[in-house]
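Enquirer: Starting off with a structure, shown below.
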Amino acid sequence: MDLLNNLALGFVTASSLANLFFCLIGVLLGTLIGVLPGIGATATIAMLLPITFQLEPVSSLIMLAGIYYGAQYGGSTTAILINMPGESSSAVTAIDGYQMARKGKAGAALAIAAIGSFFAGTVSTFLVAIFAPPLTAIALEFGAAEYFSLMVVGLVSSIALAHGSIVKALAMVVLGLLLGLVGTDIYSGTPRFTLGIREYADGLNFVAVAVGVFGIAEILRNLENERTRSVLIAKVSSLMPSKEDFKAMIGPVLRGTAIGSALGILPGGGAILAAFASYTVEKRVSKNPEEFGHGAVAGVAGPESANNAGAQTSFIPLLTLGIPANPVMALMIGAMIIQGIVPGPNVATEQPALFWGIIASMWIGNLMLVILNLPLIGLWVKLLTVPYYVLFPIIMAFCAIGVYSVNSNVFDLYAVAFFGFIGYVLVKLRCEPAPLLLGFVLGPLLEENLRRAMILSRGDPTTFVTRPISATLLFIALAVLIIVFLPSVKKKREEVFVEED
């Protein structure tokens, strides 16, 4: 009964005119940036963070959430039509989706992707609604030691699931933690790592770091590697899949939803891994594995369901524990902090309208996406013909105005330029910036809980291993590190990311 009452509160909140409007803006913008290869949800949300300061907390978070799962929908459109995934999680969809388009079944492929995404989004949002309250109740019992250990698990998982070298991912986390230490010591009040720069006394501006490392760096990378965008090779005919297609997609959609819902919770990019895991599973259980790569319905339905389910369930650790499962969730935490909201289990008890409003908006947003996206396919395809040299000055100006508007401080613009250059260098060195952002967000929280636990235990470091939950979490972190360095696991991990690239 409590669940129904809470959902009723959520739908009342999400269905206000203002929140419906921002939900619509979010899913449309998400679809747009999903369609345009090379921009991405992370960079877009980073650029839009400054705007959220002017909005109501619920409206801003509903819009940002809509951008994230809307981008998962949009990414499949270009993957199917022109073999160019708008989102990395849609890379697997391109394998069979594009082949379906070449055979004249582009409409059916798009419909299969949309239906699978809608079903997965609906089911996984229901799972968020079911599991969020009990996890929140458990999290309220956590002390400083448990939170410290939980954040260690999150950082270790982000290293294990990061692209490329594990050593580079570890270096990125350490760099992020160090950047998070810049500012005034929370206990002594003395400045740390500020280099004598007065503007650093309150720490590095989260918006400047996020926009620079993700937004500006992504623009520079796209300018360097701009590719001519091709136009649709086959006309989109009927959007209605055949009876055979419907039969072929039921199993993959169900399995993809289950895989995505489970892997989406994992830190580091569960939605991406879910798509690859789903494709692998479908190929193994299929009676005709030779069809994969030549237009198999299961090769579209499974991965699309998996990546959308993963996008939704990644909100579970954010809403219940205040721990980001991926870079987008780290940006969502930044948006909450900008609004004066402390991420964590107290959000559900202190601001239930916001907590349940976000969950309810996911159902509404998924419905908007499935209704709006298919009729707008023609518009999305036309946008692909816009040259990037026309888009990037507009995006750059938008970034600069947005960052300046947060504090009205010119120094923030210098910081954006600096971190944009750093982000570009990291890309050239094949260092993924996502672990850096997770380290930057979790660093201050990690330090605060470490020092609080040490104070409460009167300086006894064994408090982290004598408390059962904390010890279990640290054991999990250690196990993940050991497993990821095992030769067989390391080899399989490298194969997955080579395929993705």
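Using the three backbone atoms N, Cα and C, a Cβ is placed for every residue, glycine included.
Predicted automatically and left uncurated, TrEMBL annotations should be read as such.
Relevant sequence annotations retrieved from TrEMBL are reproduced here:
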DOMAIN    20-438  domain 'DUF112'
TRANSMEM  7-29  transmembrane segment
TRANSMEM  35-53  transmembrane segment
TRANSMEM  108-132  transmembrane segment
TRANSMEM  144-162  transmembrane segment
TRANSMEM  169-188  transmembrane segment
TRANSMEM  200-220  transmembrane segment
TRANSMEM  253-279  transmembrane segment
TRANSMEM  315-342  transmembrane segment
TRANSMEM  354-380  transmembrane segment
TRANSMEM  386-404  transmembrane segment
TRANSMEM  411-427  transmembrane segment
TRANSMEM  464-486  transmembrane segment
Enquirer: Who are the chain neighbours of the transmembrane segment (200-220) in space, where the CB to CB distance is under 8 Å and they lie at least 6 residues beyond its ends?
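Expert: Same-chain contacts beyond the flanks: 38-40, 42-44, 46-47, 49-50, 179-180, 182-184, 191, 193-194, 327, 331, 334, 337-338, 392, 395-396, 399, 402-403, 406-407, 412, 415-424, 426-427, 433, 436-437, 440-441, 444.
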Enquirer: If I count Cβ-Cβ pairs under 8 A between the transmembrane segment (354-380) and each of 108-132, 411-427, 464-486, which range comes out on top?
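Expert: Going through each listed stretch, the top one turns out to be 108-132.
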Enquirer: Do the transmembrane segment (108-132) and the transmembrane segment (386-404) share at least 3 Cβ pairs closer than 8 Å, excluding pairs fewer than 6 residues apart in sequence?
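Expert: Touching, no - the transmembrane segment (108-132) and the transmembrane segment (386-404) miss the threshold of 3 or more Cβ pairs under 8 Å.
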Enquirer: Limited to the domain 'DUF112' (20-438), I'd like the whole-number average of pLDDT.
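Expert: Its mean pLDDT is 79.
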Enquirer: Count the CB pairs under 8 A between the transmembrane segment (315-342) and each of 7-29, 144-162, 464-486, then give me the winner.
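Expert: Comparing 7-29, 144-162, 464-486: 144-162 has the most Cβ pairs near the transmembrane segment (315-342).
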